[in-house]
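Notes follow the structure.
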C-alpha cells in the first residue's frame with residue numbers, strides 16, 4: 001500500500017480523453033437499498049460505455065453496512081438496520097452528518113490497480129481535509145484516513161473517513177464516507193471496520209472543533225478530486 005504523498009503518482013489515475021465525470025448530489029437521506037441499486041445500474045452503464053463516470057454525494061438514514069470481510073460479532077448492538085453489501089471492508093455506520101461519496105469510475109480508462117485506486121481515494125480525502133486545516137493521514141495496515149489525537153494519549157489516532165469499494169468489469173462503485181458532524185455515539189454499537197484496539201477511535205470535523213457545512217465539503221471534494229483524478 002502506498003503510504004506517503006511523495007510516492008503516489010497521481011498521473012496514473014488521470015482518465016484518457018472522454019466524457020467528464022458527472023457529479024450528482026442528493027439533498028435528502030437516501031435509503032441504502034435504493035442507493036446500491038442505482039450504483040449497480042450506473043456502473044453497468046459505464047462498463048458498457050452508455051454513461052459517463054459519476055461521483056454521487058449523499059447521506060443515508062442511520063444504518064450499518066457489513067462488507068465482505070465483516071463479522072457478525074462486530075455488531076455489538078443492533079440499534080439500526082444492518083445491510084450486507086458486496087463492498088470490501090468490514091462493518092461501519094452511516095447516518096446524517098456524514099458525507100458519502102460513491103465513486104463510479106472506469107479503471108480501464110485510468111489504471112486497473114485496486115490498491116493504488118484506494119490510495120488515491122485516501123489522497124482525495126487527505127487533500128479535502130487539508131482545505132479545512134485538518135491533517136489526515138493514511139496507514140499501511142489500516143485502510144481509511146486517520147487523524148492523530150495526542151490529546152487522548154500516546155499513539156492515539158481516530159478515523160475520520162472510511163473507504164470500501166467494489167469493482168465489476170473494472171468499474172468501481174461504493175466509495176468513501178467522511179465524518180462531518182454525525183452522531184458519533186452510534187459508532188459505539190459496532191467495532192468500526194473491525195478495529196478493536198482502544199488506541200484507535202472515530203472522530204469527525206465537528207468533534208475536532210470545526211463547524212463545516214456539507215455544501216462546503218462538497219465544493220472541496222469536487223476541487224480536490226480534479227487534482228487527484230484529473231477530471
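Numbers here mean position along the shown chain, with the first residue as 1.
Placement of Cβ uses the backbone N, Cα and C atoms for every residue, glycine included.
Marked as active site, acyl-thioester intermediate by Swiss-Prot: 193.
In three-state terms derived from DSSP, residue 91 (substrate binding site) belongs to an extended strand segment. Among the features that Swiss-Prot reports, substrate binding site is placed at 87, 88, 89, 90, 91, 92, 93, 94, 162, 163, 164, 175, 176, 177, with the record citing sequence analysis.
The domain 'BPL/LPL catalytic' annotation in Swiss-Prot covers 49-231.
Marked as site 'Lowers pKa of active site Cys' by Swiss-Prot on the basis of sequence analysis: 159. The DSSP secondary structure for residue 159 (site 'Lowers pKa of active site Cys') is strand.
Cβ neighbour counts within 10 Å, taken over all protein chains shown, single out 164 as the most crowded of the binding-site residues 89, 164. Residue 91 (substrate binding site) sits 14 Å from residue 159 (site 'Lowers pKa of active site Cys'), taking the Cα positions as reference. Pairwise Cα distances among 87, 88, 89, 90, 91, 92, 93, 94, 162, 163, 164, 175, 176, 177, which the record gives as the binders of substrate, peak at 15 Å.
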